[in-house]
Amino acid sequence: MSNDRFNLSALAVRERSITLFLVCLISLAGIIAFFKLGRAEDPAFTIKVMTVVSVWPGATAQEMQDQVAEKIEKRLQELRWYDRAETYTRPGMAFTTLTLLDSTPPSQVPDEFYQARKKIGDEAMTLPSGVIGPMVNDEYSDVTFALFALKAKGEPQRVLARDAESLRQRLLHVPGVKKVNIVGEQPERVYVEFSHERLATLGISPQTVFAALNDQNALTAAGSVETRGPQVFIRLDGAFDELQKIRDTPVVAQGRTLKLADIATVKRGYEDPATFMIRNGGEPALLLGIVMRDGWNGLDLGTALDQEVGAINAELPLGMSLSKVTDQAVNISSAVDEFMIKFFVALLVVMLVCFISMGWRVGVVVAAAVPLTLAVVFVIMAMSGKNFDRITLGSLILALGLLVDDAIIAIEMMVVKIPRRCLCVCLEPHRSADVIRHVGHRCRLHAQRLRALHGRRIHQQYVLDRRYRADCLVGGRRVFHPVSGRQIVA
């Protein structure tokens, strides 16, 4: 080994203080990064698909294709990362799926979907009258972190929905909550039920009733009055905003004016049949779905939600409760605990094997190499924005075998190579000398004077040779064993 060749191992041994400082710094940074890393059950996936739904009651499938779907597809083709658009049409509805290129950078996907929304919004103005939408959905990557069931025995669902909305606003202020979705709310309807026999007796057709309701509930501009001050707009009173106004709707037939309540029954209800219903514990309920922010610690969010839900239950009226249905924090905690158990078991087994086969010093070196390497991994994960999830935890568990194997191979090579040759390394750079390779046959201790290239005496160096040839690290007038660090000759 020549002195002008860089040797990281020799540098680490010479500069012990710096090496120890770096080890402590890396360990501390790894511990801090471990507790600050985000935790989630599954990683965040970038889904490069968006759906567009358009509804046109009464239109045929061909009309939906020609007058709605084709216009939307042409505007979507103007996108930079456009790959394809597939449309499925049926009478009254068109379902379009936009797919971006696989090479689309994940950072560009939100902006691309925003551009698509703008183009679809501009095109909506040119669609035929009566088209509902287009309605865009590009939030497939949102994963529900926790579900809470809100139920109140005997309460109408409209009251339950109003309370759910107030709880939604409160849960949005919990740190780490991205959005709160209300699931299971049934659309409210007003039903007008009448008897055809009674209408026939009164000489009123069902179309007359429908026309009276449409005329009364029509929202039309009534004009405005220009004054010297502000402009005064005229509003027509009569739009339906309560059930009684619907009952009081006048129906004219054969020169007579009747109230709707005189010929029909008006009542409030819900969509029948219901699209879907939520029941929890055998009772009707509404679900509040919590979506976690990207990169947030799921364990911290779970703790914050438990505290907030406990405070909410203490304030809810008697008979109403908010209970937990599912919570990813439990799965995240189990996954992290499983990784820690596997880590410590692997570390313990390796230490025992090394203690038994190579000695306790070798075991300590191997045991220290694994957590130190993991500390570097945690720091890199924190810098790159990675989280603890199924993928990263599985990778770390698999990597434990490689980390342990590398440490064992390195220390085994030292133990095997040391008896085969003697290598002396000067610990003081300004007193560097030529490398001495001692080839001794018998056990003896000898000393020799080292001289620099210019012939000036620098220091005296000792080489230890027993039944095998041993490496020694020489500094000044002291000789150290390369593994134990113990001074051999003074």
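Numbers here mean position along the shown chain, with the first residue as 1.
Keep in mind that glycine also has a Cβ here, set from the backbone N, Cα and C atoms.
Automated prediction, rather than curation, is the source of TrEMBL annotations.
What TrEMBL records for this protein:
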TRANSMEM  20-38  transmembrane segment
TRANSMEM  339-358  transmembrane segment
TRANSMEM  364-384  transmembrane segment
TRANSMEM  396-416  transmembrane segment
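A Cβ distance under 8 Å defines the sequence-distant neighbours of the transmembrane segment (20-38), meaning residues of its chain 6+ beyond its ends; these are 295-298, 371-372, 374-379, 381-382, 386-388. Nonlocal intrachain contacts for the transmembrane segment (396-416), taken as residues 6+ away from its ends with a CB within less than 8 angstroms of a stretch CB, comprise 339, 342-343, 346-347, 350, 354, 358, 362, 365-366, 369-370, 373-374, 377, 482-483.
Within the chain, the transmembrane segment (339-358) has long-range Cβ neighbours (under 8 A, six or more residues past its boundaries) at 364, 366-367, 370-371, 374, 393, 396-397, 400-401, 404, 407-408, 411-412, 415.
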